[in-house]
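What follows is one structure encoded as structure tokens, with my remarks underneath.
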Amino acid sequence: MGFQENGNGEMGLSAIPLGAKNKYKRMNSELPEDNDDVLLQQQQQEERRRSTRKYVLACAIFASLNNVLLGYDVGVMSGAVIFIKEDLKISEVQVEFLVGILSIISLFGSLGGGRTSDIIGRKWTMALAAVVFQMGGLTMTLAPSYAILMIGRFLAGIGIGFGVMISPIYIAEISPNLNRGSLTTFPEIFINVGIMLGYVSNYAFSGLSVHTSWRVMLAVGILPSVFIGFALFVIPESPRWLVMQNRVEEARSVLLKTNEDEKEVEERLAEIQQAAGFSNSEKYEQKPVWRELLFPPPPLRRMLITGLGIQCFQQISGIDATVYYSPEIFQAAGIEDNSKLLAATVAVGITKTIFILVAIILIDKLGRRPLLMISTIGMTVCLFCMGATLALFGKGSFVIALAILFVCGNVAFFSVGLGPVCWVLTSEIFPLRVRAQASALGAVANRVCSGLVAMSFLSVSEAISVAGTFFLFSAISALAIAFVITLVPETKGKSLEQIEMMFQNEYEIQGKEMELGDVEQLVQNKTDLTN
């Protein structure tokens, strides 16, 4: 192998010149152009990623607007009933019924919402919820008597039932796997925002006349539902519902808008089709959904126990009683002035809203189970301490400070875990075919428990004292800890279809372990007989 000097004085291997006159290019001479292409591609991917995240975030926000209605009602009624009771001359029992009936009525909305959303779609079910609530809100605002006020509560309850049930399902079905948890907490966030706005409304309008103040408080609650009309022009239909209607191309179009990686779209679409039963339709053709829920196979039974159980514990641990009747609780601690009572409730609303933001940050990092554990343990301690404070000390500034501390602590721990994670889990764990109606059952369980607690708190407090009621809530919260440990799985980072398979596989593994145990027992018996 020889060397030859080229025209520029450089030496080349095998007599191949390396100077400017040779026809060969250096290997790295095209790298700048390649780098430009790579950079351009990366910029396009990053731009698509940002655009997708903004779009999904906007969908989650608009879908959660109905939940502001529930939160606002919970918050505003805690103060409005003070003026309603004086204006309409109603009794304590009528107050309990007025407050609690919305939760009971909303279960009918939630129960009907599951089937409705399967027929007309998730998007238009949210629209229907807003319209019905507007009718109820207007009726309550103009109500001349207790009877008309109850009719308005009935309509508002139906609308809230629709909205509370459908929002988490819709968000879970459009969200990417990695941040589905944080996005599905948005309905709970907006409930908390609504509660805080309700408290602020109470304080802001408490200076008006008795006849006018509560009407203005209730009228303000109509405004969020107006924005839902604008939301319908922004949000798409759920891709999973579209697949169930065999509108696959429309579903693909939505997935392209809500997924950062185009390559994953076809994979997700195939998973959804399989879960919906189009890929193997014989899987579901025998059983209607209602029969499958009434007589569930073992994996679905485990899902129902987990989903309905966590929904019940969310309410029977007393959160709605704490929020609805916070003025009465603070009154028991020694606050007497109405303005000071309502100002203290604003602190509760602010605490609840701030700590739900903590849940958004942590739910897809720590996971669902750790947050539930932290939440239920913290609530148990705060509820017990609240009961002890009211039982051991008399009224006074020290007791007032402790009462505000422990009530705020209770709602803070609730907002970190049990509040948002409950709705995340029930929107994740059920199979696509039964998801809407199974989630509706969960919402019904939630609303029934909420209504029973709200309608009985004053009577139970009178029977066993406010302190005794908090000890009871503390014991129930302790049971929730055991429930989470034994029956709630971790769903962080898994697709909805993978979560379904997780329950299915867990049952199959348990079945195989039982079969293996039976075989081992037979072998042991045979050995004993031989010996």
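Note that the numbers count up from 1, one per residue, in the order the chain is shown.
Placement of Cβ uses the backbone N, Cα and C atoms for every residue, glycine included.
All TrEMBL annotations are machine predictions without curation.
Note that the structure is predicted; figures quoted are calculated from it, not measured.
Residues 48-49, 52-53, 55-56, 59, 174-176, 236-240, 242, 431-433, 495-497, 500 of the same chain lie 6 or more positions beyond the ends of the coiled coil (248-275) yet place their CB under 8 Å from a CB of it. The coiled coil annotation in TrEMBL covers 248-275.
What TrEMBL records for 59-492 is domain 'Major facilitator superfamily (MFS) profile'.
Feature annotation from TrEMBL assigns transmembrane segment to 55-83 (among others). Residues 95, 98-99, 102, 106, 126, 129-130, 133, 156, 159-160, 162-164, 166-167, 170-171, 174-176, 183-184, 186-199, 201-203, 206, 210, 213-214, 217-218, 220-221, 224-225, 227-228, 231, 234-236, 257-258, 320, 323-327, 338, 342, 345, 349 of the same chain lie 6 or more positions beyond the ends of the transmembrane segment (55-83) yet place their CB under 8 Å from a CB of it.
Feature annotation from TrEMBL assigns transmembrane segment to 95-114 (among others).
As annotated by TrEMBL, transmembrane segment applies to 126-148 (among others).
Per TrEMBL, the feature transmembrane segment maps to 154-171 (among others). With a cut-off of 8 Å between Cβ atoms, the residues of this chain six or more beyond the transmembrane segment (154-171) that come close are 59-60, 63-64, 66-67, 69-70, 73, 101-114, 116-117, 122-123, 125-126, 128-137, 139-140, 180, 183-184, 186-187, 225, 238, 423-424, 426-427, 435-436, 439-440, 443, 446-447.
What TrEMBL records for 183-204 (among others) is transmembrane segment.
Residues annotated as transmembrane segment in TrEMBL: 216-235 (among others). The list of residues near the transmembrane segment (216-235) in space but at least 6 beyond its ends in sequence, with Cβ under 8 angstroms from a Cβ of it, reads 58-59, 62-63, 65-66, 68-69, 72-73, 76, 79-80, 83, 123, 126-127, 129-131, 133-134, 137-138, 140-141, 159, 194, 197-198, 201-202, 205, 208.
Taken from TrEMBL, the feature transmembrane segment applies to 341-363 (among others).
Residues or ranges marked as transmembrane segment in TrEMBL: 370-393 (among others).
If one looks beyond the transmembrane segment (399-426) by at least 6 residues along the same chain, the residues whose Cβ comes under 8 Å of a Cβ in the stretch are 168, 172, 180-181, 184-185, 187-189, 191-192, 306-307, 310-311, 313-314, 317, 319, 322-323, 326, 329-330, 332-335, 344, 347-348, 351-356, 358-360, 362-363, 368, 371-379, 382-383, 385-386, 389-390, 393, 438-439, 442-443, 446, 480, 488, 491. Marked as transmembrane segment by TrEMBL: 399-426 (among others).
According to TrEMBL, the transmembrane segment annotation covers 464-488 (among others).
Tallying C-beta pairs under 8 angstroms between the transmembrane segment (341-363) and each of 126-148, 183-204, 370-393, 464-488 places 183-204 first. Using the rule of three or more Cβ pairs under 8 Å, pairs at least 6 apart in sequence, the transmembrane segment (370-393) is in contact with the transmembrane segment (464-488).
The list of residues near the transmembrane segment (126-148) in space but at least 6 beyond its ends in sequence, with Cβ under 8 angstroms from a Cβ of it, reads 63, 65-66, 69, 88, 90, 94, 98, 109, 113, 116, 120, 154-163, 166-167, 170, 215, 218-219, 221-222, 225-226, 228-229, 231-232.
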